[in-house]
Amino acid sequence: MCEAARWVKFVDLFLVNPSEHPDDIDGPEPCEAEVRVERSALNFVDEDENFDYHNTPPNSDGEEEDNVYRWKRGSGQLKLRQVFDTLEDFKEALVEYVLKEGRNIEFCRWGKDKSAAKCGIEKENCPWFIHCSYEEHVGKWMVKVFEDKHSCVKDGYCKMLKSPVITKLFLNDWRTDPEIKPKAIQNEILKNFNLIVSPNKIKKAKAKALEIIAKDHEEQFSRSNHESTVLLDTFENDDGTETFHRFYVCFEVIKRLWKTWCRPIFGLDGCFLKSTLKGQLLAAVGRDANNGMYPIAWAVVDIENEPNWCWFIQNLKADLNLQNGRGFTLISDRQKGLLNAVERELPMVEHRMCARHIYANLKKAFPRQSEMKTLFWRVAESYTIPEYQKNLEAVQKYDMRIFKAIMEKNPKNCSLAFCGPTASCIDVHNNISESFNNAIDPARYTPMVEMLEVIRRSAMVRIDLRKLKARQHKSRFTTRATQFIELEQEKIKFCKMYPGSDGRCEVRECNTSFSLNMRMRTCSCRRWEMSGLPCRHALRVIADKKLNYEDYTSSWYSNSRQQQIYSDSIRPVTGMQFWQKLGCVVKPPAGLIEEVENRKGRKPKPKRKKGQNESPKKKVSREKRIMHCGRCGIAGHNAKNCKNFGVPKFLKPRKRMSSNTGEDGYESTNTNGGDTSDFGDGPSQSTQY
């Protein structure tokens, strides 16, 4: 977008008469599908951790701190102690003031750190003056001198109204009608701003505007999503009609930035579509410098099987230049078609199995095993082979059946002890892909085209939000990297260093010694080289030698890399109502669309049984509770079936407190002064059963 677009709002404020046709809006009405997509995109919430904004974002309304006033674009007002982000904003505010008041103002000083303007009518010696310079404690440019009184009379001219300003004001008019005459623009300025402009200035402004318009056309072509991969796979029926089969998309910006700045690790997973369309969405999700999800490519297929996974991985190989997979790390579940496709297409990739899915299957097979979770995750998060063998022996001692079930799954595929340090990632789960599936869950209920539009726009919003977060983050490394180091920092009190030579050290933690090489950034515990972040042993050495831990942290987690990852976004696409209609009709295959009309009176299809953590309950379960009778207080029955006649009434305490409370804090129900332990055959209050 060109710089002149900033003036569009300003032109609307000063050129449109609100009393004339206030409800008229140019352009076609948006279609219903477009409205639904826009609502879904507007409800997008970043999946990243909560971010505390240290400074209020620019252009926030109503903030007045330390007696300073933020400039509101389009207001046309100037105040003492008014602050601006840049000197260009100050200049724009002066132009707005000139056009609103119709005064003749000119700059008398313009520099890198200060600027000033005065009244342009020199003969009158008008005292009007304004001075703006940088204020250190505010961190912005501030109006420090402002004499807002004119002793002159308006002469109808303005020295600030030069051809560049006129170009910005009437750019959209020349874009709509390049044949507008300078006389028409001259009359328009006189009518709206009560200012006189020479025809030569308008001619120069028009020439500049036409030049900008020509560049805009070139920019639109250059900003389209070139080199993006969009594949629509169909098959032809016997009658010659095309039938939809599958759809794949990978935007050029995303794959270029992933290959340049992201770690060589990604997850593959599929999820069901929840609309009347029976199909599945396959996705490849990477990680950014803050260990947040970075969707790379996605596809819609009819079923999650080996041919569709092979087709998806083949396209992904071509886009990301994976070749045979050497040097890359892949995380996925144990879906049979996916395993066979990875083995065929990426034979040299480091394939980590999702430990969370393996544990979920173990929990179904062996319920109510209190220590199984801790023992299993110790095996999965073992960094060294001796640690892995020790934790595996603990599982064997705990339960031989569980040990055999784990060995059938080949735990080496989900243990860090057998993973390489190339990816600088210690994840043995595919939660990053599950987070993506959860983020697009509302879109999965919509038709396919709308769903793909919501995913694309959500990606654009996510990129913009994280771009802002990265800019406002002041540390050298990202938030999650800093949090990891802070947790390790708390454990260095249990470590003791024994210095060596050539950057080598020995650190003893409890009864175990670890060897470190500070030059190679390795530790025998393998946490440092696996994650790229200093482990507690390295931090012990860094603290004793008074070094800076940032010098020993991998650049994969730097905030500058995070800014580069989100430095560019997906190019805008026109709305659905502007899409070109093709002559051919692509029909969905038979059985892919669920026939809702014929389901009346039928038993609803049961939903998939979800894991324990997939849909957490909102109430505590009543399982294993012992129910007591509300009449006699004895366990095993309720008041309706109570047969204990002659048993003293069980007085349940009132839920609400009253002013008439006894010593135990509950309201007394004995109003007649009688003994509450009398015998009766029913409750104290009349109750119908």
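Cβ atoms here come from the backbone N, Cα and C positions, even for glycine.
Curation plays no part in TrEMBL annotations; they are all automatic predictions.
What TrEMBL lists as compositional bias 'Basic residues' is 600-610.
Annotation comment: TrEMBL describes 658-675 as compositional bias 'Polar residues'.
The domain 'SWIM-type' annotation in TrEMBL covers 514-546. Only residues 6 or more beyond the boundaries of the domain 'SWIM-type' (514-546), in the same chain, are considered here, and those with a CB under 8 A from a CB of the stretch are 383-384, 416-417, 419, 421, 424-426, 481, 484-485, 488-489, 491-492, 494-497, 502-508, 552-554, 556-557.
Per TrEMBL, the feature domain 'CCHC-type' maps to 629-644. Here the domain 'CCHC-type' (629-644) has a mean pLDDT of 82 out of 100.
Sequence annotations record features per position, and here TrEMBL assigns region 'Disordered' to 595-623 (among others).
As annotated by TrEMBL, region 'Disordered' applies to 653-689 (among others).
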Residues of the domain 'SWIM-type' (514-546) by DSSP state, where helix covers H, G and I: 14 helix, 6 strand, 13 coil
